[in-house]
Ligand code: ASP
């Protein structure tokens, strides 16, 4: 092929390439060019290929890495066997863009095939634009979030967006309920962009703190602030060289305990000496790009260890030699290797490459620059940072990251990440578990608690010290757990004597706060596991199950009323009865008057009497109906049919009424009713006369506060607005209030059980309003939670928990004999209280009879002439004496004053009340 036809083909080829490149079809372009170059015949690469490097002051390590990479490739017989790479490195000031641009032109003038570096974003961007204009490959190894597709820059650093996804995936996999992002440079927020815009952030919005550190300033103040906010998970984005001082400051402010988790975004965590922190139990993790399984890895690290490239390195068995290879160094090596591989591939395909001097002044672009760039982007190489490949836009969006965790043995691989699979945790969890178990053995755990028998109470002996002062179910429980896990512990009462409640600003009080602030390792008492608390702390599996119920004073026996014999019939019925009695008597009187058969001969010996007599006088009628009402007979009996009908009906009426009365009276007098005014929470909610409340700042209060159930809502509205307050500061104070009466305490069933066992005058009302459990609380993310849970499970299966419950709940001394409630009734003998009223009525009747007899006596005395009688008192006492002395059945007749004009008035009264006709006639 002639020179003219050759250049014609090249021109055509470039035209096609230009068109294809404008449509982002680099692959096709390469294929077309490859085909054309084969068609043109094979051409050799130049013997010496110059590579330009721009090294900023302070980046000498990188310069050495660049030179080392070139040397290594030159000594490689396989890569570029016919050519030799030569380094042309230009030194420039740190972040000096002007100098960078000038030095880049100098390099191009010398005919370099590519420019590597510099490492800072601004100068690199300047070099990039120069290279873009002149079509010269520009190779970067820096994190650049402004990277655009379709330029002449090949950046080996993982694509910013993909890296951000890796950070997001890791944080999500940790399932943190809250965290803080601490960063120094503004770009950090771009690095964490994917995490910040993830829906997860909306879910836990209030619980994410984003804080910027002022570069160079101490970290302690900010760390303290974060610690105070109860945040235990931190994402730290500080320059690699500041990581150690950051961690040291964290240690100084007590933020390097086992409860803290740090995720360091730097990819160079493996290069830092973390020995100082590896035994503290703090979970420190990060990503590593450097792949220690790369074929040349061992080789390179050994060479660098020997100091041949100017570093002091250690080579030990335990991968500490990894420390020698920073991400930058590895990327620089890979950059040179990738470039060499691309040239090698071009050479293999017979691609002609010439290296002219390129002038920044003339701005004449290099015809083969783009070709090399596209070769670099299409081939796949394996380097110190794993597989190097680029996406269709020229970004290294697919790469592998190793997840590393700090353990007692230093940084260990715990998983990996790649774009397609996401995060994969492969860490040895059994080993981690064993490590935690071992660390717990030497620990003294601080336990926060609250005095509430039978869970925890103070012993009577006040001379006792420390843990010996306490006794109770929870003391025994922790003792048993400590036996299983082998830790020591110290009990300390919570300062504000509350369990833990969140206020409207999201701040906790009580034991929950002490856990959040790291003042305690465990909270052990009757601490209820709730959803809200789970957000702030961690709970073990429950060691006891319960629910809310009502504690109330047992109703006392009703004192029977004096006139309780009236109770069987209502007042209304009594009134009707009296009315019926009077009405029927009157009716009978009238009927008897009408009926001719009721008029009889008063002297049967006289067949023709002048007068007839009717026995149903008004008084006799009343006596008759009264006698039948009281189920007694009387000498008056009806003779006529009409009066017999009236009497029969009246007797029937009295039969039914008296039977009903008797039946009901038996029930009333023999059964003691002990009704409680409330039977359930609904009853409580409906009324206002009995006060009710619960423990302040506890889960019971929170239950009512957050309940949407109408009854509980109503109860909460009442409790919240009641004045004086119906909330109590402790269960014991609540019990005292219940005992005083007219107050019901909403309390947890297990506590109620304990209290009613010892207070026979108290009882539980109704069933359980909810169902929950008590658990041991630990700070969020505590490594001991799983261990404690398994110890509880073990105790449960061994029956120890049941035994402890028996020990602390059963009351040997006092056994309450349950008195009958309204649910169970039985008869008992009647006391004077029950029938006293009847006696009263009897005595009243007798008194009335006495009064009447005195009246009768006085009335009769009036008929005796004055000269014949003495004073009323003397007469009365004489008569009384006569009656008491049982002086006989007869006595002399006393003279009466003669009636004015009636001879027939031979009234024969023998004495007051004694009738003796014989004596009177004689
Ligand atoms: N055990 C409860 C708590 O943990 C106390 C209560 O509210 O009854 O808050």
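Positions of Cβ are set from backbone N, Cα and C atoms, glycine also.
Of the candidate ranges 838-859, 860-881, 882-903, TrEMBL annotates residues 838-859 with the feature transmembrane segment. Check TrEMBL against the ranges 551-572, 573-594, 595-616 and you find transmembrane segment recorded for 573-594.
Among the ranges 511-533, 626-648, 649-671, 672-694, the stretch that TrEMBL annotates as transmembrane segment is 649-671. Sorting the domain 'Ionotropic glutamate receptor L-glutamate and glycine-binding' (454-517) by DSSP state (H, G, I as helix; E, B as strand; all else coil) yields 24 helix, 13 strand, 27 coil. Per-residue confidence over the domain 'Ionotropic glutamate receptor L-glutamate and glycine-binding' (454-517) averages out at a pLDDT of 94.
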